[in-house]
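S.K.: The following block contains the structure, expressed as structure tokens.
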Protein chains: 2
Amino acid sequence: MAVAPLKVGIVGLGNVGTGVARILTDHPHRIAERAGRPIVLKRAVVRNLNKPRDIRLESGVLTNDIQAVINDPEITVAMELMGGIHPAREVILALLKAGKDVVTANKALLCEHGNEIFHAAREYGRTVCFEAAVAGGIPIIAAVGQSMAANQIIAIQAILNGTSNYILTEMQANHQHYHTALKQAQDLGYAESDPTLDVNGLDAAQKLGILCQLAFGTRVTTSQFEIQGIDSLDLSDLKCASDLGYHIKLLAQARLTNRELEMSVRPTLIRKDTPLSQISGPFNAVLLEGDMVGKMWYSGRGAGQAPTASACAADLIDLAVGRAQLTFERLDLWRERPEYPVMPADQTTSRYFLRLRVEDKPNVMAEVTGILGAKGISLASIVQPEAPEVDAKSNTPVVPLVIMTHRTTAGQLQEAMSELDLSSSVRGPRICLAVAD
Amino acid sequence: MAVAPLKVGIVGLGNVGTGVARILTDHPHRIAERAGRPIVLKRAVVRNLNKPRDIRLESGVLTNDIQAVINDPEITVAMELMGGIHPAREVILALLKAGKDVVTANKALLCEHGNEIFHAAREYGRTVCFEAAVAGGIPIIAAVGQSMAANQIIAIQAILNGTSNYILTEMQANHQHYHTALKQAQDLGYAESDPTLDVNGLDAAQKLGILCQLAFGTRVTTSQFEIQGIDSLDLSDLKCASDLGYHIKLLAQARLTNRELEMSVRPTLIRKDTPLSQISGPFNAVLLEGDMVGKMWYSGRGAGQAPTASACAADLIDLAVGRAQLTFERLDLWRERPEYPVMPADQTTSRYFLRLRVEDKPNVMAEVTGILGAKGISLASIVQPEAPEVDAKSNTPVVPLVIMTHRTTAGQLQEAMSELDLSSSVRGPRICLAVAD
């Protein structure tokens, strides 16, 4: 092959960076065949040159000087794989200014500074690729930007955090308690040492934000919609949902309703006989609904070295072939332009699953349904399983009450729940979860 | 937008052709925005100008003269949407020779004449796009050719025929008999008026052939692997599989084993707690396993006007943007080159589900397991449900026997089944189905 090789610099040789370096060094022929020319790793920038590494690189490749990438005109593509906001933001801006196309997997950065980065890329005539930033190995950026190009996307439903999904699967299938399952996820390397952003829903919310930018051209910050994590779920919630025919998943949702975006990230009941409910362990899934193609969905590993590196390498190949540049020009992201506004959280609608503990006395079901009815919430079912117990605080007998509502607004539900909290017949803790359509 | 429009000719204005025309005429702004320039339908070639149609086209667009497309230098992209082998083959060759890029959804043609068509395209420096030829709305061509470019694909498992899947879903979920479900599929427009190719597995086999060309660079004809349709399945088979925790799907499979391709299309038992088993109704699904990304999968509507037209329109947009030309150059399809050979059908391996009717007498289970054991087939389970009946022919009491084998070759199984057929204790009909891993 006589075509000049594409020379690449990697900034950050952690888990993903090492994975990309490995693909390039282990499979040079495969990559050259698919890219139309060799892709050569010229420099890998690390903080600590002496740290032991899982990969052998040719001498001279490893450096601790970012300028060795920025100032090398031979390097036309740079990969930011450090993660975090700073100095990743400054590094990407410097790389773009130096005339490099950039590949990144940094969802937090894009969510927060996508505007600035894409503006700079357009100003300098460069391309930014970020297939690995959302749902790891799932080619969701290509799906939205290219394969569904004839469609207006009208809804997204997605499982975007592998750690949460692993924990929920363990709780559901193996009856593990939350903290045991979380510990396992950490031992298996799925969860970060600080898993807060995984289990509190923020990681999924950042990814949903990027998907909404792509699908709806709307810039969304994570403060604009309801985010609820899985950290308050109890085994008994999963058991109760299961008895009704549902699994609980951390579901990220966005739906176009009357030109507004209804968005949320929260534990959600999903019917067992749907593919989405069967996504297990560390897998991610994204369901897109287009006005032409209907429902389309994608599943695969959302994180991990090889899947994420596979997505980064696909970006590199796209840049080498020249496709990425054409796509970037058309994607038109993070621009100032008319957007679909995000619907205020209290106006979003859903069906809900409620679990209350109520006093075991004759008129309590009438009282509860009365309060819900007064707020305009109609009920699909109300079940009182035979499992009386004694409330420790009041020393009175209590029974569980399981309610499925019809579609209602979050605001109505919130009002009803506040009123229920005031009722002397209702005892905490109470559970209120959304139910997927 | 000052960029010159892309002018398109459609050959064949049936269901899919009308869908594409509708997208172009109903959503010109959306398409222009995503394509970077307007895409204009200049000519639509039909056999009968006077046939009533579901779409209004500008005057002069409709023609019954294929030369109006071939000889118009303004038309740079032509869509072959006639279906069938002849004259579709001749039309595509003429269009390529006249310098047009071609979009087609014609799987049968590609399966049979892909070689000749891709050779001609390369000779004339043109591009052939065929996203809609396999799995309708699912962007599987883009997934294999682009998103998974860093991977060697090692396995494919797919539900590729929507009609069969609809019938099996109806049999499974609503206990419809095969012929009732088939009739429904026809009434709903899922099945062709002659549904033979849908239900005998050949349609799925042609699509699997194209996927294998893409994923493995191997040219496969449908005579090289086992193809079994759903037309001999009975309600009781689905019921029995369900009792064991499986759904039955028409599964197309290809797996790279020791540099050979193990391929088959046949009704297969799939565990209920997997997403693939939950693909219902007219939906398709494709599971790809890459050596980097692991298992990835895709699901969506495999047929129908809007999904197929959506895929064709994505091809048009890719051509307008210039991506399709770059991809085609790299895809390197239907070339003469080293291939992975297809493994002879009798050497392929699988787990199997057997259902026999045997005489209700003490030593029959020993006899059956003895015959299987002598052929080297080891058993995972053997169950004799209590459901004695009387064999009409011999007037002797018979009972069902349900066997799950461990992995064995199709050849071994065939030999064992022949021997069982000779046993006086075994009565037909007997069922033998593959079980997915």
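Keep in mind that glycine also has a Cβ here, set from the backbone N, Cα and C atoms.
Note that the structure is predicted; figures quoted are calculated from it, not measured.
Relevant sequence annotations retrieved from TrEMBL are reproduced here:
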type	residues	note
BINDING	B:Val11, B:Gly12, B:Leu13, B:Gly14, B:Asn15, B:Val16, B:Gly17, B:Thr18	NADP(+) binding site
BINDING	B:Lys107	NADPH binding site
BINDING	B:Glu192	L-homoserine binding site
ACT_SITE	B:Lys207	active site, proton donor
DOMAIN	B:353-434	domain 'ACT'
S.K.: List the Cα distance (Å, whole number) between the residue listed as 'NADPH binding site' and B:Lys207 (active site, proton donor).
M.R.: 6
S.K.: Cα of B:Gly17 (NADP(+) binding site) to Cα of B:Lys207 (active site, proton donor): how many Å, rounded?
M.R.: 20
S.K.: Rounded to a whole angstrom, what is the C-alpha distance between B:Lys207 (active site, proton donor) and B:Asn15 (NADP(+) binding site)?
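M.R.: Just about 20 Å between their Cα atoms.
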S.K.: List the other residues in this chain whose Cβ sits within 8 Å of the Cβ centroid of the NADP(+) site residues B:Val11, B:Gly12, B:Leu13, B:Gly14, B:Asn15, B:Val16, B:Gly17, B:Thr18, in sequence order.
M.R.: B:Ile10, B:Gly19, B:Val20, B:Ala21, B:Leu81, B:Met82
S.K.: If we count other C-beta atoms within 10 Å, could you say which of the binding-site residues B:Gly14, B:Gly17 has the fewest?
M.R.: B:Gly14
S.K.: How big is the Cα-to-Cα gap, in Å, between B:Gly14 (NADP(+) binding site) and B:Glu192 (L-homoserine binding site)?
M.R.: 13
S.K.: Check the DSSP secondary structure of B:Gly12 (NADP(+) binding site), expressed as helix, strand or coil.
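M.R.: It is coil.
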S.K.: Could you break down the residues of the domain 'ACT' (B:353-434) into DSSP helix, strand and coil, giving a count for each?
M.R.: 24 helix, 34 strand, 24 coil
S.K.: Near B:Val16 (NADP(+) binding site), which residues of its chain come within a Cβ-Cβ distance under 8 Å, counting only those 6 or more away in sequence?
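M.R.: The answer is B:Leu81, B:Ala105, B:Ala132, B:Gln305, B:Thr308, B:Ala309, B:Cys312.
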S.K.: I need the CA-to-CA distance for B:Asn15 (NADP(+) binding site) versus the residue listed as 'L-homoserine binding site', whole Å please.
M.R.: 12
S.K.: Hey, how far is B:Leu13 (NADP(+) binding site) from B:Glu192 (L-homoserine binding site), Cα to Cα, in Å?
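M.R.: Checking the Cα atoms of B:Leu13 (NADP(+) binding site) and B:Glu192 (L-homoserine binding site) gives a distance of 17 Å.
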S.K.: Just how many other Cβ atoms lie inside 10 Å of the Cβ on B:Glu192 (L-homoserine binding site)?
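M.R.: Within a 10 Å radius of the Cβ of B:Glu192 (L-homoserine binding site) lie 13 other Cβ atoms.
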S.K.: Distance check, please: Cα of B:Gly12 (NADP(+) binding site) against Cα of B:Glu192 (L-homoserine binding site), rounded to an integer number of angstrom.
M.R.: 17
S.K.: Cα of B:Thr18 (NADP(+) binding site) to Cα of the residue listed as 'L-homoserine binding site': how many Å, rounded?
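M.R.: Their Cα atoms are separated by 17 Å.
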S.K.: For B:Val11 (NADP(+) binding site), write down the residues of its own chain that are at least 6 apart in sequence and whose Cβ falls under 8 Å from its Cβ; none is a fine answer.
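M.R.: Long-range Cβ contacts: B:Gly17, B:Ala44, B:Val45, B:Ile66, B:Val69, B:Ala78, B:Met79, B:Glu80, B:Leu81, B:Met82, B:Val91, B:Leu95.
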S.K.: Using a 10 Å radius around each Cβ and all protein chains in view, which of these recorded positions has the most neighbours: B:Lys107, B:Lys207?
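M.R.: When each Cβ's neighbours within 10 Å are tallied, B:Lys207 tops the list.
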